[in-house]
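Chemist: Sharing the feature lines straight out of TrEMBL:
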- A:20-42: transmembrane segment (TRANSMEM)
- A:62-83: transmembrane segment (TRANSMEM)
- A:95-112: transmembrane segment (TRANSMEM)
- A:118-139: transmembrane segment (TRANSMEM)
- A:151-171: transmembrane segment (TRANSMEM)
- A:191-214: transmembrane segment (TRANSMEM)
- A:245-265: transmembrane segment (TRANSMEM)
- A:271-290: transmembrane segment (TRANSMEM)
- A:295-318: transmembrane segment (TRANSMEM)
- A:324-347: transmembrane segment (TRANSMEM)
Amino acid sequence: MLDTAFLVRRQNPGFLLTSLSYAGGLLVGLTVSAMLLVHAGVPASALVDEFLIATFLTSDGLSQTATAALPLVLVGLASAVAMRVRFWNIGVEGQLWLGAIASTWVALNGIGPEALRLPTMFVLAALAGAAWIAISLFLKLRWGVNEVISTLLLGSVAFLLVQHLLFGVWRDPANSFPVTATFPEASWFSILGWGQLHTGIFLVAGIALSIWFVMEHSRAGFYADAVGFNAKAALATGLPVLRTAVGLVLLSGALSGVAGMMIVAGTEHRLNQSVGNGYLFSAIVIAYLARAKPLWVIVVSFALGAVFTAGNVLKVFYSISEAMIVLMQGTVLMSILMAQFFSTYSLKRPN
Amino acid sequence: MRGIGKSFDGKAALRDASFRLEWGEVHAIVGENGAGKSTLMNVAAGVYVADGGYQSIDGEAISLRSPLEAAAAGLGMVHQHFRLVESFTVAENVLLGLGRKSKVKTPADAAAIVAAKSREIGLPVDPHRQVADLSIAERQRAEIVKVMLLGARILVMDEPTAVLTDEEARTLLSFAQRLSRQGHAVVLITHKFREVAAFCDRVTIMRHGETVLDGAPVADVTEADVARLMVGDALTVAGRPLSRPGDVCLRVEGLSAQATAHRQNLNDIGFELHAGEILGIAGVGGNGQEELVACLLGLEKIDAGAIMLDGEDISAARPGKRREAGLRIIPSDRFDSGLIRELSIADNLALTTIPGGSFGGPFLLRRRAMREKAAEAIDAFDIRGATPDRPASLLSGGNAQKVLLARELGQGLKVLIAHSPSRGLDMKATEFVRSAIRRAVEAGAACLLISEDLQEVMSLSHRVAVMNRGGIVGCRQAGDVTPEWIGGLLAGHA
Amino acid sequence: MKERNTKPSASARLFAATAAVLASCAASGAYAFTLEGAPKVAFIYASSAQDGGWNEALEAGRKAVEEQLKVPVAVTENIPEEATKLRAAIDLYVKRGFNIIIGTTYGYSAPMAEAAKAYPNVAFLSASGTENGPNMESFYARTYQGWYLAGIAAGQATKTKKIGILAGFPVGVVNWDINSFALGARSVDPAIETVAVFANSWWDPVKEGQIAQAILDQKADVLATNLSATSALDAAEKAGVPSVGFQLDMSHAAPKTIQTSVVFRWEKYLVPTIKEIIDGSWKPEEFGAFEGLETGVVELAPFGPTVSEETKAKIEAAKQDIIAGKLDPFQGLLKKQDGTVVVDAGGKVDDAALWSMDYFVDGVIGTMPAK
């Protein structure tokens, strides 16, 4: 009987077991997804050809994946650094919108000299994102307001702010459309000549490596782990708990803000109502699958970027509905999470 | 019940305990924390299965393997922490307890029998109210009615007065007396004999898992007898450090703190601690020990008073600052506020010194140095089954405590707060911990030893203080401690 | 996941060129284009094609193209209005030999223009788009002409001399519908007032139902919706009040009370245009295609049971006048809500001014949000 079984945490699961269960979960998820697709009318022979090859083995597919992964790395890191100190940032999209608003303001008004346009956008986007999460942080510290609620709701407020601007001062003057005018080229990341991939990749790489270093090798990262695992013990042993938590939460907001800048300056070159959609879900998925480890965040972001690319292929050529794509993503995610769960716990029966 | 034995993880909680209960009496079981009172009654109520011994009801041998079987045999227990579902009403809780085989099927039926029972035994309970909305005393009454409805003729109550006001306690105890006069039997588990004496017929005293007084009529024992029997030979142990106390190292004056929900207030606590001295604070758990430690450490704010370390008031300083000043702690729960399970042993050992820069500046942590240092500590403290990279969660209790000692007794130690430092440890580990503390004190440190284990306090301390209801109620040189004095203070006789 | 995702398509009803000018722009200003390879057509939607409104109207056009021109037509749904996602879809299609790409929302416009530059031999049609070029044409319809006729129906039906219209956001193409509706009603009786309320959403059936009720509470006895959901019509049917639908024939929602619906017939534009592209005679308009009643891209759905013969005749007459150019809904003398004159008698509002229309005309009760 199942109800007499219980879960036992494995003592120190080895690297091999962890990797195998991860791969196993991925395989199960992909197999189930493939079955769903065949059932939905995609010829089995086409799956490998168009899905795998088009996504991973063509230059177009790879450049699309890389381009899509850039903001994903940033929001994934944003979610991960907050998760390390057990702060649930469910407002990644809100901070992203704020970052997008700040960089749009710089771009449209031509703030600062042209040569410094992108750095200015970067700094202001980071500050705007951090300021937005600071509201939730303040509410939590001052009155104990749960950050899950406050960050989520402030995400909606941020979107209303975007709407207010797009239907107000920033609407296209010629036709009142709720999109901003295209930015002057000084506020674009230059195209690298491989698909839509742009120089933002260097910024993202720099940020990701810095975060990796800070989280894994610096004192702050050490504090973060101690605070995240056991804040009471961290406080009792004299660590600067509050400073660590505040610092990382603000960093989380700043990273989301920069993701907003990455989108408007990298690929869209303007602000509209849809550029920030869906990043919250992605951020949480990435941070969970990567177990909040920065280097894994990069890997998982590219994997998720590939899933989006593959999803696009399926949508375009097999009229697979959006719901099916989401179903597949969910299936893969659930399989991996379950595999992770069983690499951490084993099922035992009494006696 | 005769010759009952019970061990947990190889540690004997009961050895050869016996207990005889008669119909129509209120029977008190008295003893220190950890004397085995609750364990014995949990065996009786089928919560634990005894390792050996003989149990009978009305002369018929029984062997209870679950609370349900005990209930069927007419035995019900009201635990310290009530077994009620807060989001349900009283009637729904009863329905839940009755199970599927009962004739009572609906909340309305259950409400009817709750109301009837409540009238019958004279204990007012509103069956329709949600448990979450009830006061502690009301919950206790609801729990009693529930247990009675499940068929209890023998009612066991574990520390029933601990959560009540004096007035409520009197009401409850006279109810117990009334119930016994109707032919039931009532057992009261308590460490405050004086409070219940007037309402009891007989008393059984336990110490170290054994019955030392088996069911004597209350009229025949004096309070002094009870205190002496409870404390026993604890006072004869000697092993305190050879050092002579030096200058005052830690002075606490008029420390008061308002409790947050469900905690103990601290009232005007004051004491002095000298270098090279161990001051033991004895007391039954839950009388403010946790709160005192939290205040000394800086985890909780104090409302009044001063904490002077080497003449400097540290009562407003962060925990980190207090550590820098030489304050160290062995908490009662190692993994709650001492060690971090998920971190490696090396990380745990380095936890307190990293902020001071002992393993590199703010940017690059010198992991290799941390590992080397950890390897040294593992050798020096003979920490078994440990390597620097293993997570602390894999350590046994004794070895985890050694990690904690290795860290807390390190450089800069001036005042050590040791809270139940040998809790949950075997003999050998206990001895290791105690001798490590002794050595540290001989080397000039001061130690505040807070423990519910009287034997521990007596074996280590130069002076002994007793804590009760959030205050220090007495303090003497170890040599002047008598069983009557300490027993009386422990049981709450100011 | 959020309301904003459900209907970006309807938000799409925009078009218009940066300096939107005359759609009647002479052919001399137009571009020339030659298609390479066999024609293969692809439609890309930002949400579901069966959305009950904007997309569904385009989807009807797509089916007509497939049936009448006998060319392969592919459909992709749910491509968000983001440059990366749309461009990826376009790239995939072009790689597979698709050479006529139809985007269905204004949000696709800029990335489509970039793709058009990258693929000069592929034809791009952008519904409610803003960009045009040698191989790209944006298209929209003069919906205000239809709304003027609907206004006549409403003016004929009202007894309280107060009619209501529920709309999405205050953008040019919505404002001109409201204004034209009010002007059509006033052509029947200059005393009629039009209550206009913005839902500030393109798709929120619950909120729309509440707003509809609020309009009815103000004693309006005709109710029109400028949105894709039928909530307003449901409310009107329940109250027994004459109603007007939009985008598709909405008579199913209010079979008793419906007067008519202002509908798109995109096949009237798409079939001939794609045929021209295939034939090699296509010359994209420099400022986009902007057709109305004269080509039938905008039409009225069949009248409801309560519409009188007299009303039908009046509407038919006005329709013929508009087609013949004798009548323009926005002809002088035209005044704003506050009384300032927009166009003097004898003049009319030109196309550029139409696109940037950010005011209500005299006779509309409602507040235009400040810029």
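In case you wondered, yes, glycine gets a Cβ from its N, Cα and C as well.
Looking at the shown structure, can you explain where the listed features end up?
Modeler: Same-chain residues lying 6 or more positions outside the transmembrane segment (A:20-42) and placing a CB less than 8 Å from one of its CB atoms are 314, 318, 320, 324, 327-328, 331-340, 342-343.
Within the chain, the transmembrane segment (A:95-112) has long-range Cβ neighbours (under 8 A, six or more residues past its boundaries) at 71, 75, 78, 89, 120-122, 124-133, 155, 158-159, 161-162, 165, 170, 180-181, 183-184, 186-187, 252-253, 256-261, 263-265, 270-271, 275-276, 279.
Listed by sequence, the residues of this chain that lie at least six past the ends of the transmembrane segment (A:118-139) yet keep a Cβ under 8 A from its Cβ atoms are 87, 89, 91, 94-96, 98-103, 105-107, 111-112, 145, 147, 150-151, 154, 158, 186-187, 189, 203, 246, 249-258, 260-261, 265.
Through the fold, the transmembrane segment (A:151-171) approaches residues 88-95, 97-98, 100-101, 104, 108, 132-133, 135-136, 177-180, 271-273, 276, 280 of its own chain, all at least 6 residues removed from its boundaries and within a Cβ separation under 8 Å.
Residues 59-60, 63-64, 66-67, 70, 73-74, 77, 81, 122, 220-221, 251, 255, 258, 262, 265-267, 294-295, 297-298 of the same chain lie 6+ residues outside the transmembrane segment (A:191-214) yet bring a C-beta within less than 8 angstroms of a C-beta in it.
Beyond the transmembrane segment (A:245-265), the same-chain residues lying 6 or more positions past its ends with a Cβ under 8 Å from any Cβ of the stretch are 70-71, 74-75, 77-79, 81-82, 84-85, 87, 89, 91-104, 107, 118, 121-122, 125-134, 137, 183, 187-189, 200, 203-204, 207, 211, 220, 224, 227, 231, 271, 275-276, 279, 283.
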